[in-house]
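What follows is a short report on a single structure.
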C-alpha cells in the first residue's frame, strides 16, 4: 500500500475512533459521571487548587522528584501545543463559533477526569530502580484493577503511549516548528531540526528534574506572552466581544452556516469538532498527565489531583478561549482566501486573526513564536511520558537510550512530510484514552471515597505534611502507598 492509501486508512480508522458514536461520548460521559461522583469538585475546589499549585507550589517534606508546580508545568508543556493554535481554528472553521462552547464543556467536564487520573497516578505510584517516583495508567490500571483485565489495560496503555509519543509528541511538533520558521524567517528545515535536536537532548538527558526546571520557567512565560497578545486584541475589539459570546452560545445549539468548504454546520458538527479538538488540546481522559503528577512532591494523592486539574482549566478555559475569541471577534473564521476563493485554512486562520488585531507584524510574530514555544514544550513533556512507559515495558536500562533516540527523531520530523504520521498519531491518541477511561470508570468508587475522606479533614488544602500524615494514619492503603516499589518492567511485576 502506498503512503497515500495508508494515510487514508489511518484517517478512516481515526474517524471511527474519534467519531460521535465511540470515543467522544465515552470521554464526555466519563467526565460527567466523575463530576457527579465527586460532587462538582472541579468547581468547588478550583480556587484552592490554583493557590496550592501556583502559589504554594510544593508540600515541604513530602516524597517526590519535582515540586507540584513543576509537575503542573510539565503536564502543561505537553498539553499546550499546536492544538491551542491550529486545533481551535480547525474546530471553529468547520464547526462554527458554537464549537468553542463545546470545547469549554469538554474542558469543564474533563477537569474531573484529569483530577481522577492524576489522583490515581499518585495513589498507585512507586519508586523505580533509580530511586525516582514512577506512575501513571501503565501502573494504576494493573494495581487498581485486579486480575487479567488490569494487566491487559495497563500493558495496552503503555504500548499505545510509546507509539503515540513519537508521533503527536515529537515528529508532528518538530514539523510544525520547522515549517513555520521556514515560512516566517526563511530558515531551512534541516537547520531548525539540528537546533531543536540539540536543545531537546540537552534537556532530556537530565530526566524529569531537568524537564521540571525548564518547564517551570518556560511554560508560564510562553502562556503569559500569548495571552497578553490575545487580550490586547480583545480589548481593542471590545465592542465585538458581547456579540461573539452571543454567537458562541446560540450556534452551539442551533448550528451555523459559513462560507467555504461546507454549506451548513449542524449542531452535531459543532459538538463533534468542539469536543474532539478540545480533547486534543487538554488531553483530559487520555491519562498522560497522571505520569507527570506521579513525580510530584505531594503529601496526598488528592492534593496533586487538584493541582493537576488546574492544567485543563489553564489550557482550555484560558488559552483556548483566547485563541477562539480572537478568531471570532476579528471575523477571520469565515474569511475568504483570495487565492482559492474558499474559506481560509485552519493553518492560516489564527495567524490572520492576530495580524488583523495587532499593528504591524506583531500579530504574525506572536503566533509564530507562540507556536514554536508551544510545540517545543510539547516535545519535552511527551518525552517524559514516553520514557516512563518504555520503562514499564523494557525496564530502567532502556530509559537513557530512549531519551537519545527521541531527541534524534525530532530532526526527522522537521525534515519530512508527515501526513501519514498525523493520521496515525490521531488514532494512537484515541487508543491511549480507551484503556484509561475504562479504568477511571471501574476505579471511580475508590476515587470518590478517598477524596471525600481527605477533604473532610482538609477542605481548604491548608494542611501541612505532618498534619496529613497524622489524620491519614491507619487508613487502608496508606502505608502501602508510601512504601511501594516499581521493578520497572512488566515481565517482573
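The backbone N, Cα and C atoms fix where each Cβ goes, glycine too.
Just so you know, TrEMBL annotations are computer predictions that nobody has curated.
Annotation comment: TrEMBL describes 12-36 (among others) as transmembrane segment.
The transmembrane segment feature in TrEMBL is assigned to 152-169 (among others).
Counting residues 6+ beyond its ends, the transmembrane segment (189-208) has Cβ neighbours under 8 Å at 65-66, 74, 132, 174, 177-179, 181-182, 214, 292, 295, 376, 379-380, 383-384, 387, 399-400, 403-404, 406-408, 410-415 in the same chain. Taken from TrEMBL, the feature transmembrane segment applies to 189-208 (among others).
The transmembrane segment annotation in TrEMBL covers 215-235 (among others).
Look at TrEMBL and you will find 255-276 (among others) tagged as transmembrane segment.
Per TrEMBL, transmembrane segment is recorded for 313-333 (among others). Through the fold, the transmembrane segment (313-333) approaches residues 42, 46, 50, 76, 79-80, 84-85, 88-89, 91-93, 96-97, 100, 103-104, 106-108, 110-111, 223, 226-227, 230-231, 233-234, 237, 240-241, 244, 247-248, 258, 278, 281-282, 344, 349-350, 352-354, 356-357 of its own chain, all at least 6 residues removed from its boundaries and within a Cβ separation under 8 Å.
TrEMBL lists 362-384 (among others) with the feature transmembrane segment.
Within its own chain, the transmembrane segment (404-424) is flanked in space by residues 3, 6-7, 10-11, 14, 165-167, 170-175, 177-178, 189-190, 192-194, 196-197, 200-201, 204-205, 379, 383, 386-387, which lie at least six positions past its ends and keep a Cβ under 8 Å from the stretch. Here TrEMBL flags 404-424 (among others) as transmembrane segment.
Cβ atoms under 8 Å from those of the transmembrane segment (430-448) belong to residues 14, 17-18, 23, 26-27, 30, 33-34, 37-38, 113, 116-117, 119-120, 123, 137, 140-141, 144-145, 150, 152-154, 156-157, 160-161, 164, 279, 285-288 of the same chain, restricted to positions at least 6 beyond its ends. Residues or ranges marked as transmembrane segment in TrEMBL: 430-448 (among others).
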Selection from 12-36, 215-235, 362-384, the stretch that has most Cβ pairs under 8 A to the transmembrane segment (152-169): 362-384
